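Novice: Quick one: the structure is below, questions incoming.
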Amino acid sequence: MPALLERPKLSNAMARALHRHIMMERERKRQEEEEVDKMMEQKMKEEQERRKKKEMEERMSLEETKEQILKLEEKLLALQEEKHQLFLQLKKVLHEEEKRRRKEQSDLTTLTSAAYQQSLTVHTGTHLLSMQGSPGGHNRPGTLMAADRAKQMFGPQVLTTRHYVGSAAAFAGTPEHGQFQGSPGGAYGTAQPPPHYGPTQPAYSPSQQLRAPSAFPAVQYLSQPQPQPYAVHGHFQPTQTGFLQPGGALSLQKQMEHANQQTGFSDSSSLRPMHPQALHPAPGLLASPQLPVQMQPAGKSGFAATSQPGPRLPFIQHSQNPRFYHK
């Protein structure tokens, strides 16, 4: 037979502790239920608000929607107009930049062409200046410079003398007459070598010789009857060898003036260099106002002692390549 087991009787302290524990558990459960209820209520409220908003949107009329569309279209048109204005401004700026660039390029082209034409004109003028004065054109070497042409084209006012380092004697004739000694059998011509000037060496080259305008060519001359004619073939012997001193310029100028007065030539008839081909009888080489060069025999053509002054000797030194001068 089963035995009956009796539980032990709880004490008062144990009973109070058990009661307190049960009450705390109940309170905790109640709080949890309250929190869950609050969350549910909040969700319900949010859902209700969404529903109300949706209902309000659905209740909006068609006119209100049209008004909103018109406002948005106006705003779009304003933005498009601003875009068009900005595009036009950009196009205008680009067009002005293109015009300015073309203008600068045109100015640069004009300046370049003007500079080219000026240089071409200067080059052509220099070439014509080098060719002028010789009928042969390109056959004559262009060694005649502008300074020599200026000296030959002007009168005795531009007669210049060069001071040379040499002997102290002055190579010049008397102011009245040149010193010539007649010699029928002499060989005084263009092929005669120049006389010797002593042991001193000349300090100048043939290109630096004294060139003064004279009315006489270096070979044959237009002779006029003189009281005491001399033959062309004569030895030219200076009384004293040497070079021009600075003081001999006055006597040289007097001799030139005296020679021009004796032969009938004026100072205005300054001579310019002429190419040797001008003596050939080719047509068109000599113009009508030019002086003809008469080739006369040595026995008949003569001139006075004043017809050729002393300073003509530098022209005789060009024996290999004589230069003729004409009006």
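Numbering starts at 1 and runs along the chain as it is shown here.
Cβ coordinates are placed from backbone N, Cα and C, and glycine is handled just like the others.
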Novice: According to Swiss-Prot, one residue among Lys38, Lys45, Lys54 carries the annotation SUMO1 cross-link; which one is it?
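Specialist: Checking Swiss-Prot against Lys38, Lys45, Lys54, the SUMO1 cross-link entry points to Lys45.
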Novice: Could you check Swiss-Prot and say which of Lys66, Lys71, Lys83 is marked as SUMO1 cross-link?
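Specialist: Annotated as SUMO1 cross-link in Swiss-Prot: Lys71.
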Novice: Can you work out which residues elsewhere in the same chain, 6+ from the ends of the region 'interaction with SUMO' (61-94), have a Cβ less than 8 Å from its Cβ atoms?
Specialist: none
Novice: Cα distance, Lys71 (SUMO1 cross-link) to Lys45 (SUMO1 cross-link), nearest Å?
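Specialist: Here the two Cα atoms lie 35 Å apart.
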Novice: If you draw a 10 Å sphere around the Cβ of Lys71 (SUMO1 cross-link), how many other Cβ atoms fall inside it, taking every protein chain shown into account?
Specialist: 10
